[in-house]
Amino acid sequence: MVKRRATILIVDDERINIQILDNALSDQYNILAAMSGEQAIKVALESRPCLILLDIILPDISGYEVCKALKNNKQTSHIPIIFVTAQSLPEDELKGLELGAIDYFRKPFLVPLIKVRIRNQIELVQKTAALEQLAWIDGLTGIPNRRSFDKRYFEACKYAVRSKRRICLILLDIDFFKQYNDYYGHAQGDVVLQQVARALEQGVTRPLDLVARYGGEEFVILLTDSSEKEGALLAEKVRQKIEDLAIPHIKSNINRTLTISVGVTTSSNDGGSLDSKALLETTDACLYEAKAMGRNTVVSADFRPRTPKSI
Ligand SMILES: Nc1nc2c(ncn2[C@@H]2O[C@H](COP(=O)(O)OP(=O)(O)OP(=O)(O)O)[C@@H](O)[C@H]2O)c(=O)[nH]1
């Protein structure tokens with residue numbers, strides 16, 4: 001995997017100090033610079049650097065205030081900050097660290113020393129980001145996992161109520177997958193799960209929509225602003241897309257081809273509360289109905305009324 005160059009934001013009101021750090025670091029990192037506190041906050045918000053080297057004495061607001069503002073903002077609170085300053089009293093250092101900075105370098109500093117300490121911090125940031133990524137992505141298929149879905153679904157339901165928009169849930173499950181595994185082997189079953197995940201990703205293209213592995217051989221699609229008709233059409237599109245992959249499944253009685261069953265539900269937009277658990281249960285009931293109807297089919301339900309109907 002190609003590692004992206006990390007970006008460091010240097011904040012200092014003295015051009016010469018920025019120059020020294022830039023000379024020391026620019027061969028390994030992308031460097032951004034800011035010469036005032038307000039500018040530092042703006043650049044941090046726009047560019048989300050990997051690390052910020054922050055002076056305390058700045059022409060407008062102090063480095064402490066910059067640190068506080070960045071730590072209080074959800075979008076920047078995760079960015080590690082290192083104070084680089086001539087303020088050398090222990091109480092200055094304590095104040096900086098208490099505000100959430102991860103380290104404190106006193107000027108004048110030794111360039112080789114600061115380089116090593118910055119490298120260590122960047123490595124830590126990158127490892128944490130990689131672990132964070134693993135926690136949200138399904139290891140087999142590379143698409144978001146159940147945990148991702150749960151989080152996004154919760155947020156989407158809140159947003160739907162607030163903005164009086166409809167959300168649509170599509171649950172789908174591979175047909176006769178146990179028989180597939182038993183006949184072709186578990187490793188080939190894994191390959192199929194990857195193929196299905198890829199096809200679903202290709203079929204769901206709006207940036208705010210989500211495809212996730214819900215568990216085992218079950219996937220979920222979350223459409224964040226969708227009419228009932230759009231949801232049902234997409235459900236049918238993905239069902240067809242999987243059938244069109246024409247993956248041989250000799251143990252399936254549906255054309256000896258791998259297929260999926262699909263349940264789809266769209267929430268109402270009457271501005272009332274949205275029972276996210278009930279929406280999921282209704283969608284699951286639709287999926288169950290699709291299986292009972294012979295599989296390779298889509299069953300949709302209005303969230304209200306909750307009676308499933310075949311399309
Ligand atoms: N290869 C592979 N198989 C998995 C994975 N997760 C779950 N499965 C298999 O998926 C199969 C699901 O079987 P069932 O729940 O009986 O469902 P089914 O055979 O698809 O039957 P219907 O859903 O009724 O069509 C089981 O054999 C699981 O072992 C996985 O990560 N890899």
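Cβ atoms here come from the backbone N, Cα and C positions, even for glycine.
Look at TrEMBL and you will find 7-122 tagged as domain 'Response regulatory'. What TrEMBL records for ASP55 is 4-aspartylphosphate. Among the features that TrEMBL reports, domain 'GGDEF' is placed at 165-303.
Counted with DSSP, the domain 'Response regulatory' (7-122) comes out as 52 helix, 23 strand, 41 coil.
A sphere of 10 angstroms centred on the C-beta of the residue listed as '4-aspartylphosphate' encloses 25 other C-beta atoms.
When the domain 'GGDEF' (165-303) is classified with DSSP, helix, strand and coil residues number 60 helix, 33 strand, 46 coil.
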